[in-house]
Amino acid sequence: MSLSAFYVTGTDTGIGKTFVSCILLHMLRGRGQRAVGMKPVASGCTYSDTGWRNEDALALQAASDPTPAYDLINPYALPAAVAPEIAAIEARVTVALEPLSASFTQLRAQADVVVVEGVGGWATPLNATIDQATLVRALEIPVVLVVGLRLGCMNHARLSTAAIMADGLRCIGWIANTIDPHMARIEENLALLRQRLPIPYWGHLPHIPPGINPATLATRLHPQGD
């Protein structure tokens, strides 16, 4: 895989972007690459003696090698577990592109690949003037879409893909992640998604119970190099 960085987004919130990002980090490391994660903006943080910390950002840090400083991985750690724009207003924090770009540049200098995880679904804004598309353009990286397999996934996947492309960005692949283990016709839905989405398919993850080490699933994903 020749990419030096990419942005992981999803069809919605709670569809496994962090877990998929961690799997991708382990996959890259297994290929001998130095791979680090980044969560530019995270809402829903717990205060500790080292400051505000976000569970997803900590998972990315644990899956990274080398292990970057937390503040590089997650420049904006917002306390409230709500939409980032609201969380930033409540925390009286102004999310700006410059600190995000600076952290990304430092991470890129430390690793062969940087896996940047977004917030919520693709259209979730970071603030009143910065969308995720704005950030991705500033970082000059392509996008990977995580599709949560549950009822309605066809609509969400097609809309998300169309939105990314309408924003003038490259969507270089998609990953199916089973959210609802009781979803009817999973294989049929997966087959239709593979027919309808005009981007490369990187693999399918079954429903994963809590506590599974993402490293054990690294061989299930097969990025089609860029």
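Here the Cβ of each residue, glycine as well, is placed from N, Cα and C on the backbone.
Note that the structure is a prediction, hence the values are computed from the model and not measured.
Site annotation (Swiss-Prot, ligand Mg(2+)) includes Thr18, Glu117; from Asp49, Asp56, Asp71, the additional listed residue is Asp56. Closest to Thr18 (Mg(2+) binding site) by Cα-Cα distance, out of the recorded positions Lys39, Ser43, Asp56, Val119, Ile208, is Asp56. Taking only the Cα positions, the spacing between Thr178 (ATP binding site) and Ser43 (substrate binding site) is 24 angstrom. For Thr18 (Mg(2+) binding site), the number of other Cβ atoms no farther than 10 Å from its own Cβ, over all displayed protein chains, is 23. Sequence-ordered, the extra residues of this chain that approach the Mg(2+) site, with Cβ no more than 8 Å from the Cβ center of Thr18, Asp56, Glu117, are Val8, Lys17, Phe19, Ser21, Cys22, Gly37, Lys39, Ala42, Ala57, Ala59, Leu60.
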